[in-house]
Amino acid sequence: MLQEGAHGRWTVSSSDESTEENSDSEKPSTSSLLDAAHGRTSGPQYPCSEARKAAHKRKASPLKFSDQKVSTEKAPAEKQRITQEGLGWCLSSSDEEPEDQEKHAHKEALKEEKYDVPEEHPLNLCKDDELSENQKAEEYDEKPGEAQDTWDLLNGGNPFRFFLTKVRGIEQSYNSGALHIKDILSPLFGTLVSSAQFNYCIDVGWLVRQYPQEFRKKPLLIVHGEKRESKAELLAQARPYENISFCQAKLDIAFGTHHTKMMLLLYEEGLRVVIHTSNLIADDWHQKTQGIWLSPLYPRLPKGTTGSAGESETHFKSDLISYLMAYNSPALKEWTDLIQEHDLSETRYMLSCVILLKEHASLIPAQESWPLVGQFSSIGSLGADESKWLFSEFQQSLVATGNSVTGLHKCDVPVHLVYPTVNNVRESLEGYPAGGSLPYSIQTAQKQLWLHSYFHKWSAEVSGRSHAMPHIKTYMRPSSDFKKIAWFLVTSANLSKAAWGALERNGTQLMIRSYELGVLFLPSAFGLEKGYFHVKGKMLSESNDSATYFPVPYDLPPEKYGSKDQPWIWNIPYTNAPDTHGNMWVPS
């Protein structure tokens, strides 16, 4: 079907119909597995989303910007065209909800229409003194003094233990106080005995190389949600490594994903928990904005200790054990036993969930009109208007509290949603391929145009990361002047029903389809009786390192989309302006 708009002309194939009700539109692609089976290496050799596969292809074979218009084949006559005036999108009336697609799964898909684009450049071969894009993403060389800096981070003035990942290509001062995965797995953090890695997208070979040489043969458990061909490929990646075992998360509900990103690190000296937002692939640790919560080193309890010993006031230990037990896995039972043997009493943080916010995020009356900010990297199908989910179940989950005083109507609480624009992506360090980790599809977007009026641009001058596209997900309740926050949440959960849940059976049952995990920061846990944090100025500055000032990683207040701004949509082409590498974006 032929499309034309502000960003050029494109076709949307009938095979591109939305299949997602989930958080990321990151349904694992099996096409890369078929390529591998036939000796082709057009994409990454690990299960990934179609959006990420498109980004990988464009990095390997960039389409240089040309003033020549990208032409398309004429659309089939039977495909009707619906125009969204002024928004630059024209869409097929055949786009279906996932439930409708299941009913029509037996129908033969129409042959995919192809873009007529300039001849693709061959894969750039590296000179001896140059690195390919993939090699750059993996390369991480510790500079003199960085080891000491990392050690200082563990013992210095970061009361929240909230970090960003290091970003290649930004001013070095903004990487001071940031972490790479190799830092986290460094011997400085402890003498590793064994580890467990929970994640969505995993490159096993790359992951192994992030461990120091002396730890690469230590037992490693990988917790994933892959099935069928994707699972077979994941297991095949690990065949060279005898120390790796797997735990498959049960995903019995359609459109659910194992989206949790966590590390459990057992040392000779104790135990550490890491909850973060990065997939275990090179790109996610290279030029993106990602978040990390790094626990203290938890010491072993004296032998014979039983009951609730080692629990914190925030119930972090029991919540973590309950979460792991929900997998119903013998492999994770071993880890719950290990956690039980350690002292987690110094934890001033909470595992995040809707119930925790309702029970613990108590507000004083003046805070009940404070806005809600959500920042995420992907968006699910949210309904025909804001009343269907965003301003009902989602907003009420984050706004309602146990001691609600005035009971404000939900519409009295402003909602600000932060999601990158097309220009944010185009001007980013990665250029258009950064959009591979922002998998908002045209099929989903065209069904909820009302949502875009709540969108705000990505801007992170405060952390030097305005051009490092966000894969981090955060939610908070700032004051009306954005100088204070009532709470802050960093999590794996995107803006979707699958991640946050949707009420079913006349509102008596909350259906959460995906595994998600995050950390909730509450002022009360840090002894702040006034009920709020101040927002820190420069996130990585040494000033105001007390628990009074929270390091929000992007700029407040967020800037609303302008009249010409559009949200990044991954599966349409952008050919009217080049990105920072002089390239166009054609996702086919």
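In case you wondered, yes, glycine gets a Cβ from its N, Cα and C as well.
According to TrEMBL, the protein carries these features:
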- 1-148: region 'Disordered' (REGION)
- 66-82: compositional bias 'Basic and acidic residues' (COMPBIAS)
- 101-146: compositional bias 'Basic and acidic residues' (COMPBIAS)
- His259: active site, nucleophile (ACT_SITE)
- Lys261, Lys473: substrate binding site (BINDING)
- His471: active site, proton donor/acceptor (ACT_SITE)
- Ser496: site 'Interaction with DNA' (SITE)
Using all protein chains shown, find which of the recorded positions His259, His471, Lys473 scores highest when you count other CB atoms within 10 A of its CB.
His259
Using C-alpha atoms only, work out the spacing between Lys261 (substrate binding site) and Ser496 (site 'Interaction with DNA') and round it to an integer in Å.
17
Lys261 (substrate binding site) has how many other Cβ neighbours within 10 Å of its own Cβ?
28
Quick check for the class: what is the C-alpha distance, in angstrom and rounded, between His471 (active site, proton donor/acceptor) and the residue listed as 'active site, nucleophile'?
13
Would you kindly give the Cα-Cα distance separating Lys473 (substrate binding site) and Ser496 (site 'Interaction with DNA'), rounded to the nearest Å?
12
Cα distance, His259 (active site, nucleophile) to Lys473 (substrate binding site), nearest Å?
12
